[in-house]
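Colleague: My questions will all concern the structure given below.
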Amino acid sequence: MNSDYIKIVKYFILFKSIQFLIVYSSPSEQFDNSSTVLIEKFNDDKFLLLNSLPISNNFKNFIDNHIIRKILNKFIVWDSVYFIKTAKLGRVEFEHEWVFGQLWCRLLNKASCLITDSNTDSANFYVIIIVGLIFNNLMHLLSCFLIHFLTIKNFLLDDSKKKLKKNLPLICSLLTIVQPSGIFTTGIYSESITQFLCFTGLALRELAITEDYSHGNRNNKGDNFNIDKKFLYLASGLIFSISFGMRSNSILYGLIYINDLLRINIKKLNFKKILNAIVILASGSILFFSLIYSIYKPYVLYCPERGDWCGENDKFIDLNDLNFFKKWLISYSQVHYWDVGFLAYFTNNNIPNFLIALPSSIILLLSCLCYCNNNKLSGIVILSSTYLFLQFTSWHVQIINRVMSFTPIYIWFVGELINNENVYNKKLKEDSKNNNKNNLTGNKLDNSNKSNHEIIEELVTENQINYTVKINKFGKYIARWWVIWVLCQTGLYACFLPPA
């Protein structure tokens, strides 16, 4: 197991080094000048940082020319402009900036102020970038460790499958390194911290529950669900709530609690099941009240003077109109400033964006179909399916490449495709043993003495092997595509070019 973690760290460092090398080598003149405006605005922070370092002027010039200009400045692109600016100011300047995870911005701000021992909310611009890069890459690495644990908990508890799937946790961890989110889990985006928190929430839930499949397989939908460690289960709700503060799509993890609640067999109700239901409702409520707070906080700041999305009166909760979700600034901003809405993205000029999103959309769809009958993964399947539907029909479809990193299901799917090679190799070894045994005993492999049933059985096995080889190749093609995609994406991102 320890050797797995060593391999993960080695490949992680290698892949990240390649990404940073691509960023360093990309042209300094970018396609868009948005970042240039921001860099010039906070240029004094660069000199403050350099002058605070106890090094020679030559080394300061080297840092300025080769690290700040050729690496750090190139991460100030696309949405990271909003994250870094909000973290720098310590507050939201314009209402549409509420869309960008405010908890992530606050974390960057507080961590940067703590490092520089700043007495104000205004952090050093370049310290924020450095802190964001270090923090995000650390979170990405920890996510690779977490999916290793989650894979063991979900796929290796069955003794009959341990030998065949012993490499699956490592495969999934390595796939997480090269996942399609790529440079967005390296830069100042909230993808890495969101993935880490979501995987942590899932891990806490896994540690809290027991599922008895002794009277059937993993697809059994019987009375087999129990929450043994209530505190850990409640903690998972808290973690998902924090993740929601980082990125709003994490609210979909509330579907896991609804699914868990529905799994309780009410026909055989007892005190233990009632207690389980209370714990599930409490955990889900933490996430729900986080949603309410995210609606309430901007409302208090802007309403009723703002008008428009604030509603027709100055009451947040109106007994005559309980639909306060329409007062959610994040939802309003998405529609008003980014033209998000049901089928709003279905226009001719967005065909390239749908093509960019197509591979990841297909993989996520196949993942949901693959595990749709797996009762243990039912909650994750429901949230992943819901996310895919919303992403494809109502949001900017191309961001699926980075946003879907908050669910592990597509990693497991591709990991299992690649891991099928173990089944194939095991069959080859068994055939080789049988052939050697027959040769030693003088028996010839002759079908004339075999029954029709035995011949058909061998043909079925051979077809299964051929099928296994094909899906194994499919899994490897996906992994190779991810590597190529991420490396190309890194170069485009560093030049402020689409896709974002």
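The backbone N, Cα and C atoms fix where each Cβ goes, and this holds for glycine too.
Bear in mind that the values here come from a model prediction, so they are computed numbers and not experimental data.
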Colleague: In TrEMBL, which of 58-79, 168-189, 190-211 is labelled transmembrane segment?
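Modeller: It is 168-189 that TrEMBL annotates as transmembrane segment.
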Colleague: According to TrEMBL, which listed range is transmembrane segment: 1-23, 231-253, 323-345?
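Modeller: It is 231-253 that TrEMBL describes as transmembrane segment.
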Colleague: Could you tell me which of the ranges 379-397, 474-492 is annotated in TrEMBL as transmembrane segment?
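Modeller: Within the set 379-397, 474-492, TrEMBL attaches transmembrane segment to 379-397.
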Colleague: Give the nonlocal contacts of the transmembrane segment (168-189) in its own chain as ranges (CB under 8 Å, at least six residues past its ends).
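Modeller: Contacts of the transmembrane segment (168-189) (Cβ under 8 Å, skipping residues fewer than 6 from its ends): 4, 7-8, 11-12, 15-16, 19-20, 23, 75-76, 79-80, 83-84, 108, 128-129, 132-133, 136-137, 140, 143-145, 147-149, 151-152, 155-156, 195, 359-360, 401-405, 408, 411-412, 414-416, 418-419, 479, 482-483, 485-486, 489-490, 493-494.
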Colleague: Top stretch among 274-296, 351-372, 379-397 for CB pairs under 8 A with the transmembrane segment (231-253)?
Modeller: 274-296
Colleague: Mind checking which residues reach the transmembrane segment (274-296)? Cβ under 8 Å, same chain, six or more beyond either end.
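Modeller: Contacts with the transmembrane segment (274-296): 225-227, 230, 233-234, 236-238, 240-241, 244-245, 248, 251, 253-254, 257-258, 260-261, 264, 316, 324-325, 327-330.
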